[in-house]
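Pasting a structure here, questions to come.
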Amino acid sequence: MPLVDGGSRITNYIVEKRESTRKAYSTVTTNCQKCSFKVPNLAEGCEYYFRVLAENEYGIGEPAETTEPVKASEAPSPPESLNIMDVTRNSVSLAWPKPEHDGGSKITGYVIEAQRKGTNQWAHITTVKTLDCVVKNLTENEEYTFQVMAVNSAGRSAPRESRPVIIKEQTMLPEFDLRALYQKTVIAKAGDNIKIEIPVLGRPRPTVTWKKEDQILKQTQRVNYENTATATILTINECIRSDSGQYPLSAKNIVGEVKPSDAITCRDDIEAPRIKVDAKYKDTIVLKAGEVFRLEADVSGRPPPTMAWTKGEKELEDTAKLEIKIADFSTILINKDSSRRDGGAYTLTATNPGVTAEKCVLSWLPPLDDGGAKIDHYVVEKRETSRLAWTSVGTEVPVTKLKVTKLLKGNEYVFRVMAVNKYGVGEPLESEPILAVNPYVPPDPPKTPEVTAITKDSMVVCWGHPDSDGGSPITNYIVERRDKTGLRWVKCNKKVVTDLRFKVSGLTEGHEYEYRVMAENAAGVSQPSPTSPFYKACDTVFKPGPPGNPRVLDSSKSSITIAWNKPIYDGGSEITGYMVEIALPEEDEWKIVTPPMGLKATSFTITDLKENQEYKIRIYAMNSEGLGEPALVPGTPKAEERMLPPEIELDAELRKVVTIRALKWTREHGESLDRASIESTSSYTLLIVENVNRFDSGKYILTIENSSGSKTAFVNVRVLDTPGAPQDLKIKEVTKSSVTLTWEPPLIDGGSKIKNYIVEKRESTRKAYSTVNANCHKTSWKVDSLQEGCNYYFRVLAENEYGIGLPVETSESVKVSERPLPPGKITLLDVTRNSVTLSWEKPEHDGGSRILGYIVEMQSKGSEKWSTCATVKVTEATITGLIQGEEYTFRVSAQNEKGISDPRQLGIPVIAKDLVIPPAFKLLFTTFSVLAGEDLKVDVPFVGRPKPAVSWHKDNVALKQTTRVNAESSENNTVLTIKEACREDVGSYLVKLTNSAG
């Protein structure tokens, strides 16, 4: 309560508030009866001053005000959880997420406390700024509970407790993570380096041992392994065939020993055959009959390929005339005594399937001892390891290589080879057991699919290559989708897909879909890829682009006025407003200065700024998706008055002391001085204009007068400001897609040279202007790419070093159109002795504006003057008042609001005279039938000029017309009508036409 109540009881208190960024207080309540009050509806995070005033029957007393601003915030909410990440014999690792709400004030740290089991006291451990903490120096085998509290400027949050934990060293059975090894198999080419890294888990750290087959792996410089804190790494440098095999490994600690269920297998890679030939074989080889030609080739591949020469579709064999030499990695074909029939295409085929599920390729070396005679051939046999009997594969094999076919998939075979000379069959050489399986496996799953483009009924799905193709090229990808409302996966592609993307169509608008992809090779289909997130089938809407041409229009010591243009790209959704933010140049904390719902206009005055302080200003556009990219106002505008000290030049006479009877200030062109304040004494005069703008520039004239005469002086005032509006904006030329503008420079240049002009346009149906050219250096500009037939407004703004000035705008909208094309083909419909009837086609193009009418002109023979004879709105006209026998030429022009087209002329002159055409019938039928009692109507078309006289006869007697039987004639037909026909109407009817021509 106040110490002094003013001699009257306090009736109530008045509570007021103001934001720290504003100067004016606003009333919270005017009728508080207590000495406390809760001020509601404050903006979270804002700082406020408060003041209280007491009121008695004599009025409101002096206020009591808070000395410092109060931030409207509260303690944050606690972190969602406190997690135990690791435990040792004397420490615990803790981690937690950020609180859901920071209370309106930045989180400054987190307080960690601990409570030992059996006590009620919480001990402070530490305060950290991160989201994790290691608590050390704990007592082994004791049970602890931990709690964390978030701290901001308003205080601490409620605590979040962890689960109880006993402090002791954790133990865990060893474990290997073999997920990175596909089917626990490593495939490499001879000479490659192999590095196998396997993560190892276990507490305490396990000891890892490697073996090859059943023997401890002997470490050398080339083959060795290394154990780290989290993994074991096997390295084989420049691998060779003998490195193939199984590599079992084991891990052991105090908890136990673990061995993977399968050993890791290293085996040879398969290399596809490649044929290398000399470049000369790419051209046709020409030689004479009787000459010898040689074809040579080198071949590579693993295992060594099998080679065959063919001509046409026939495989060639080694003969005396055609010699074929084949080594492991090369071949030569020699043709002796060439003749015409030896010409043609020779094809070399190299294959190395190695072992597959159906066949294998065997190769061997000749025996070291040939038994004293030449080796004639070899005998090859096979047997399944589950059987004892050998079966013959080849009885007379001439070379040291053979392809064995018709193997059974999955069976294990042993092969043996025996050399044969003239003395008999030698000892056999047996192979190792071989399993008849494909050397490749199904590929790894593709990478997680993503959707890159979405419409209401389609999506484009993309994915990454599998880590491994399984040793066989990927031939197809299978894309599947599942609706969020269903359970079944549906295949999307009916055709083969080899690309890493596929457009899925036929989706239902508004439904959500997830996708997975499988890869396929010769061995089969992979496991499905990880499932994608759900994507909604709808036309995509994006956030808008940045506003265009952000600029400063004006400034004062406490405000800056800015303007901008609508974004070029609205993201596919209508712009709903704009938001403006400011920040100090050296800071990154931005403050919103516009209303919460945003601005509708494209200009804004930022108020309550600090005088002479520079600011960073940026503008966002908003649509239904949210805020787009910001546009930064160039530079760092300063809150300052824009002014220039006046300059005055006075002659020496005015510097003398004179006695003044009258004194008057005026402006050169009679502008008003209502905003000026004038102070005068006997020795000086002072004219003051506050808050000057560009219109205050000019010549100020001072006139002083006394009994001795009068004297005039002037002061030239130049106000540095943005320019005034350009003058005399005119439309110089309009076409169907462009408008040419011209204008004059502004009368007021703002005290600085005009740098450039900004040309803008807007459709008459819209409110916002868009920039056509922001850097025009001329006083004219052709605005092109306009939409034909649309109405546009245009405006031009001048720019100097102080910014962009006022606009000059076209007073009326301009329709983008031009004169129409000439009418189409003109047709002469009729001619009489004093008239002509014409018709014509519409113009191919109306110039972007509706055709208002057509002008028909005529020219008499021998005259050069065209005279208008008709103006019509339809495509036909009859011109009357012609002179019989005169020859006339006619032409027609189309007219729209932009003008008259070029004329289209009738191809031939017309003579005004009656046409004379002998009568002629156009009757299709001459016999008509009708049932008794029914009506009959016979229509007889005819031509004839002048109009023929028509007479009807029945059975060579003039037809007697009655109400039941009568005939009517017009310009071009006659119609005989018989009502309720009867037998007596049967007969031959004759119609006769007569005119001056016949």
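Including glycine, each Cβ sits where the backbone N, Cα and C put it.
Just so you know, TrEMBL annotations never went through curation; they're auto-generated.
Sharing the record's features from TrEMBL:
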DOMAIN    1-75  domain 'Fibronectin type-III'
DOMAIN    78-170  domain 'Fibronectin type-III'
DOMAIN    174-265  domain 'Ig-like'
DOMAIN    273-362  domain 'Ig-like'
DOMAIN    344-439  domain 'Fibronectin type-III'
DOMAIN    445-540  domain 'Fibronectin type-III'
DOMAIN    546-642  domain 'Fibronectin type-III'
DOMAIN    725-819  domain 'Fibronectin type-III'
DOMAIN    822-915  domain 'Fibronectin type-III'
DOMAIN    919-998  domain 'Ig-like'
Give the residue counts of the domain 'Ig-like' (273-362) per reduced DSSP state, in the order helix, strand, coil.
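Result for the domain 'Ig-like' (273-362), in helix, strand, coil order: 7 helix, 43 strand, 40 coil.
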Per DSSP, how many helix, strand and coil residues does the domain 'Fibronectin type-III' (445-540) have?
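Going by DSSP assignments, the domain 'Fibronectin type-III' (445-540) contains 0 helix, 39 strand, 57 coil.
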Any idea what the model's mean pLDDT is for the domain 'Ig-like' (273-362)?
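On average, pLDDT over the domain 'Ig-like' (273-362) sits at 83.
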Let's see if you can do this one: DSSP helix, strand and coil counts over the domain 'Fibronectin type-III' (822-915), in that order.
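Its residues divide into 0 helix, 45 strand, 49 coil.
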Of the residues in the domain 'Ig-like' (174-265), how many are helix, strand and coil by DSSP?
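Within the domain 'Ig-like' (174-265) the tally stands at 6 helix, 49 strand, 37 coil.
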